[in-house]
Amino acid sequence: MTQWQPASPTLWQGRDDSAEAANALRLFQTVTRSPTFSPEMYREKIALLGFACDEGVKRNQGRPGAAGAPDALRRALANLASHHGHDRLVDLGNIIAQAPDLEGAQQALRDAVRRCQQADMRTFVLGGGHETAFGHGAGLLDAFPHARVGIINLDAHLDLRRADHATSGTPFRQLAQLCDEQQREFHYACFGVSRAANTQALWDEAQQRGVTIVEDVDCDTAQAPLAQVIDSVDKIYLTIDLDVLPAWEMPAVSAPAALGVPLATVMRLVDAVCRSGKLQAVDMVEFNPRFDDDGNAARVAARLGWQIAHGWR
């Protein structure tokens, strides 16, 4: 059975510089920690929600360990300096998947996201494998049945696989099917795609679905297609698979990228989405702390998360 738990207060610790000045603060001092899942108490804030699940990665024959990512990322975020926007973060705890019930975990995340969005919160989910995306995206679609919701995925993989069961490789096919069921258009764009990591069958599926694709080798000039995607929708769900980054910047994922898109380039794309005024939901997925012996990969992911919370308009 899937369960919710508040985040441990021991995760949010860091250096206390408040004796220097009243505004010499770090995230551990400005993040609100909620003892209960009560999004209605935090309207117009950003819900920080963990999805402790890697069952989809296991089903996709990947390297398990992403279930430990939400808490590892909180630790890495905690000691970063708090600037504009960071005091909007409210830690609403973790949804913890109980293997092998991936579908139950995705439904729990879907319900939690819908409830947050309907309470006028925006959602920032820390995965988990990329199976996170179906629960997160479905909750957003449920909350805004009449909006044109655009999905922007920064990822080496299209994740449109055909499979008998949900995996970390199927979330956008599942969301496409959900859009069909809800009789709405499927707006999906994937930036950073590695042609070497996606079969022709996946490429064909993307073409049939009208997916906007920008390959990893073309992301230096991705601002124009990104602007077109942003202009074409009402609300945006941004999902960042950390394997979009090069292996030398992000080795701690299930499938490290041989080429990837450098962090500085990814940050420019993310900033454009954050500044659009349309960003409603974001997640970072596939971080695997088992392969982060020195903590550097967690710091890379945390820096990206810090930038999102800071720049989110």
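Just so you know, glycine gets a Cβ as well, placed from its N, Cα and C.
Within 10 Å of the C-beta of His130 (Mn(2+) 1 binding site) we count 31 further C-beta atoms, all protein chains included. The Mn(2+) 1 binding site annotation in Swiss-Prot covers His130, Asp155, Asp159, Asp241 and is backed by sequence analysis.
Long-range C-beta contacts of Asp241 (Mn(2+) 1 binding site), restricted to its own chain and to partners at least six residues apart, with a cutoff below 8 Å, comprise His130, Asn153, Leu154, Asp155, Ala156, His157, Asp159, Val253, Val285, Glu286. Taken from Swiss-Prot, the feature Mn(2+) 2 binding site applies to Asp155, His157, Asp241, Asp243.
Those same-chain residues not listed among His130, Asp155, Asp159, Asp241 yet with C-beta within 8 angstroms of the centroid of the Mn(2+) 1 site C-beta atoms are Ala133, Asn153, Ala156, His157, Ser168, Gly169, Pro171, Phe172, Thr239, Asp243, Val244, Val285, Glu286.
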